[in-house]
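Chemist: Below: one structure in structure tokens.
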Amino acid sequence: MDAVKKKHWWQSPQLTWSVIGLLCLLVGYLVVLMYAQGEYLFAIMTLILSSVGLYIFSNRKAYAWRYVYPGLAGMGLFVLFPLICTIAIAFTNYSSTNQLTFERAQQVLMDRSFQAGKAYNFSLYPAGDEWQLALTDGESGKNYLSEAFKFGGEQKLALKEADALPQGERANLRVITQNRAALNQLTAVLPDESKVIMSSLRQFSGTQPLYALANDGTLTNNQSGVKYRPNADIGFYQSINADGSWGNEKLSPGYTVTIGWDNFTRVFQDEGIQKPFFAIFVWTVVFSVLTVILTVAVGMVLACLVQWEALKGKAIYRVLLILPYAVPSFISILIFKGLFNQSFGEINMMLSALFGIKPAWFSDPTTARTMIIIVNTWLGYPYMMILCMGLLKAIPDDLYEASAMDGAGPFQNFFKITLPLLIKPLTPLMIASFAFNFNNFVLIQLLTNGGPDRLGTTTPAGYTDLLVSYTYRIAFEGGGGQDFGLAAAIATLIFLLVGALAIVNLKATRMKFD
């Protein structure tokens, strides 16, 4: 009799399709929320990934893709999606002054108002658990009083002329300040149907819209009469002269527009950006090359020493030399920042006692760069040492025995046997180390923050900045505003450079492009 394989209740098709249906509803709800809030890219990305995932995990024909999909989805979400967004931003003027859409920027300008008409002194009187608003005309001395009301939301209060103000102590400035948000939502309607709103902590006054919008999109300042027109080239409402030409005045906030290759051309044409960019690029390459050379050299020499058979206590030395690799890098960097302190650091105290010198590690460009390379060598040599220790085990002892018979010494063995045999397998790892240090943001940010700063530059730039930290400072530390578009353009250039390094790495390891 054939054994019938029983299925558990959680393996039933009805439950499976019910769960899939609930997930579809949840994803649809999230996509609608994102779309309603204007997050169109996130909505599209969520819809695509979720739809593909539901299809793969609910269709038996796509069973093999279940093992690949999580990796592909992660790459798409965390690599391709940010990359596409960064490249897209690079072709816009997106910045701290141009963050809004045109419609939103226009609405912000239309919501602005200015004081027009009489100003009335106001007082707030308690009426049980409610309040009464009293306005006083400073010119005529007339008083106007509202009915009792409670704070909460936008309200229109009808005021009537009163012979005298309510008895009792009126609210002090502290109470008014605490309820300022609620008072700003009140509109007081006087007996002549004129409306006034809170204009200061002591006054209500009539207001009018600052700008009037025409059918052609032109804004007119109701106070000065100046006309403004949207300039799609710069993303601002800009004043226009009598002859129709552009004036010098711009209205903030601006709005985001596509500006083509302008951010990229700024990198190569604006001297305030071009000079620091190329100087920082050269320093980034030099820093990466020196770091790789020094870490490999120190790591290889130490690996040879701890592998020396005549050395006693090799295990202890190995542990001690690998310790810098075990300590989190950000902790080591901050410790070195204290050690290199120009006034109280132990390194300067020692150099002063021995040689009578106190290098300016953080204010002189040359010594600051030297300090960066020293610290990065300390952080990177244990990794190279571990690699070399493993590779040394693969070198046959027969080679050293044959060289000893020929009368070769330790230095000849190192340069004629050890170094050539280690460099070849280390080459792809050295290229990977170069690419990593090309974007070593943490070291620069924690140790020097890019300083000392360069003078006469359009964008914030320092002598120890790498391209990645330079991009970060443009995006988030710009004194004249955060220029995300320019930062995205530089980030795109960095991506192309790192991509070129990846191709070099592939060619160096003789991998074929399938």
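One-based numbering along the chain as shown.
Backbone N, Cα and C define each Cβ position, glycine as well.
Feature list, courtesy of Swiss-Prot:
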- 281-505: domain 'ABC transmembrane type-1' (DOMAIN)
- 1-12: topological domain 'Cytoplasmic' (TOPO_DOM)
- 36-39: topological domain 'Periplasmic' (TOPO_DOM)
- 58-69: topological domain 'Cytoplasmic' (TOPO_DOM)
- 93-283: topological domain 'Periplasmic' (TOPO_DOM)
- 307-318: topological domain 'Cytoplasmic' (TOPO_DOM)
- 342-369: topological domain 'Periplasmic' (TOPO_DOM)
- 393-412: topological domain 'Cytoplasmic' (TOPO_DOM)
- 436-483: topological domain 'Periplasmic' (TOPO_DOM)
- 507-514: topological domain 'Cytoplasmic' (TOPO_DOM)
- 13-35: transmembrane segment (TRANSMEM)
- 40-57: transmembrane segment (TRANSMEM)
- 70-92: transmembrane segment (TRANSMEM)
- 284-306: transmembrane segment (TRANSMEM)
- 319-341: transmembrane segment (TRANSMEM)
- 370-392: transmembrane segment (TRANSMEM)
- 413-435: transmembrane segment (TRANSMEM)
- 484-506: transmembrane segment (TRANSMEM)
Chemist: Which listed range (13-35, 70-92, 319-341, 370-392, 484-506) shows the maximal number of Cβ pairs under 8 Å with respect to the transmembrane segment (284-306)?
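Modeler: If we count Cβ pairs closer than 8 Å to the transmembrane segment (284-306), 370-392 scores highest.
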Chemist: Within the same chain, where does the topological domain 'Periplasmic' (36-39) have neighbours whose Cβ lies under 8 angstroms from its own Cβ atoms, ignoring anything closer than 6 residues to its ends? I mean 6 or more beyond.
Modeler: 101
Chemist: Please work out the mean pLDDT for the residues of the topological domain 'Periplasmic' (93-283).
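Modeler: The answer is 91, the mean pLDDT of the model over that range.
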Chemist: Can you work out which residues elsewhere in the same chain, 6+ from the ends of the topological domain 'Cytoplasmic' (58-69), have a Cβ less than 8 Å from its Cβ atoms?
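Modeler: Contacts of the topological domain 'Cytoplasmic' (58-69) (Cβ under 8 Å, skipping residues fewer than 6 from its ends): 16, 20, 52.
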